[in-house]
Amino acid sequence: MQQTYRKFQGLPNSKSSFSNPNNQQTTYIIIYLVLLAAAATTWYILPITVTTTTLPPPTSAATTTLRRRYYSATCPSAESIVAEAMKQSLLAEPRSAASVLRLQFHDCFVNGCDGSLLLDDTPTMAGEKLALANINSLRSFEVIDKIKAELEQSCPGVVSCADIVIMAARDAVSLTGGPRWEVKLGRLDGLTASRADSDAIMPSPRANATTLIDLFAKLKLSVKDLVALSGSHSIGRARCFSITHRLYDDQTVARQQDAAIEPQFREELMRLCPVNGYQNVTGGLDSTPVVFDNLYFKDLVVGKGVLNSDQTLYTSPETKAYVEEFSRDEEAFFQAFAEGMIKLGDLQSGQPGEVRRNCRVVNGSPAAAMNNYQN
């Protein structure tokens with residue numbers, strides 16, 4: 001099978017595990033990115049002031065033909081600008097890789113990859129940022145804002161916010177040791193967002209494999225895609241809010257021993273998330289939470305999945321074989337993950353769209369007009 005990705009080489013293994021959120025072991029990746037930045041021949045030091053330009057009106061439909069190197073003529077530096085911005089973001093905050101990667105999932109699952117997730121609420125629109133799956137959870141919107149501002153300086157009115165999310169998510173994976181693939185671009189930004197749709201679609205960390213398989217099937221994603229894309233939890237952290245239901249009844253009484261959780265790991269989780277503890281404390285989603293690798297699947301095989309929606313992939317017969325395969329063969333995981341991300345990125349809404357100047361507001365809105373005035 002022809003590979004659709006290139007593995008990003010040279011990242012040392014980091015063995016960070018559960019910890020207080022202020023005590024993450026991120027030394028290796030910081031050193032690596034500093035060396036990478038130092039070795040670069042070109043630095044993109046761009047002002048973030050947005051140049052005022054006249055944009056075309058929204059198109060009649062947001063279903064467009066996506067293709068690789070879409071901006072090669074209209075904004076040839078687009079992908080390099082995004083990649084450089086992601087490098088700088090990881091230097092400042094290594095957790096931003098996982099945060100940006102999650103943005104693609106939470107955007108594309110809800111009415112396609114149209115950047116609707118990025119829109120702020122308005123008096124007439126309840127957006128997706130405060131949906132149940134996103135509130136107090138999604139972060140790094142400012143990373144997308146910074147990238148957008150740099151692209152507007154270089155290529156005003158050309159690169160959509162939806163495409164920025166796709167490119168940045170790809171770079172988040174490759175910069176932390178995972179595969180790199182060619183992304184298809186040319187999306188338009190949606191003109192609205194829907195908190196209700198997000199609440200109805202986004203899966204819960206309590207979900208079982210059957211629920212997840214059904215959801216992915218509705219998006220024309222296979223069981224293999226489900227397991228491979230769940231490997232996005234190779235990087236990142238989870239809040240106790242999403243963990244404690246596996247440990248306690250009503251947050252106060254320890255549950256009966258769950259056979260799916262390795263006993264010592266259960267004790268580790270209970271120390272991280274004690275009875276009546278602070279629900280926003282976080283722990284790594286696998287044993288190397290700042291390195292994209294197949295340790296996530298190895299952890300599932302030995303009963304160390306942090307979320308129920310993770311561990312269910314090993315206990316369910318429909319998904320178990322893929323977990324075992326990816327735990328043994330990292331290259332197979334990387335190949336399947338890259339293919340799954342491309343398929344996920346193909347989801348479109350079919351609704352009217354535009355290229356936003358500011359990812360948080362639609363063009364022509366009062367907030368957009370104020371932003372233009374200030375700049």
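Heads up, residue numbers simply count up from 1 along the chain you see.
Heads up, the Cβ atoms here are built off N, Cα and C, so glycines get one too.
Taken from TrEMBL, the feature transmembrane segment covers 27-46. The domain 'Plant heme peroxidase family profile' annotation in TrEMBL covers 65-363. Taken from TrEMBL, the feature disulfide bond applies to C75-C155, C108-C113, C161-C359, C240-C273. Annotation comment: TrEMBL describes D107, V110, G112, D114, S116, E128 as Ca(2+) 1 binding site. As annotated by TrEMBL, substrate binding site applies to P203. The heme b binding site annotation in TrEMBL covers H233. The Ca(2+) 2 binding site annotation in TrEMBL covers D286, T288, D293.
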Candidate with the highest Cβ count within 10 Å, taken from the recorded positions V110, C155, C273: V110
Other CB atoms within 10 A, centred on the residue listed as 'heme b binding site': 25
Pairwise CA distance, D293 (Ca(2+) 2 binding site) versus the residue listed as 'heme b binding site', rounded so that it is a whole Å: 10
Cβ neighbours within the same chain of C113 (disulfide bond) - under 8 Å, at least six residues apart: Q104, D107, A162, V165, I166, R187, L344, G345, D346, L347, Q348
Averaged pLDDT score, the domain 'Plant heme peroxidase family profile' (65-363): 95
Fewest other C-beta atoms within 10 angstroms, as judged across C108, C240, which are the disulfide-bonded residues: C240
Binding-site residues (D107, D286), the one with most neighbouring Cβ atoms at 10 Å: D107
For the disulfide-bonded residues C75, C161, C359, the one whose C-beta sees the most other C-beta atoms within 10 angstroms: C161
Inter-residue C-alpha distance, C155 (disulfide bond) and D114 (Ca(2+) 1 binding site) (nearest angstrom): 20
Listed binding-site residues (G112, P203), ranked by Cβ neighbours within 10 Å, top entry: G112
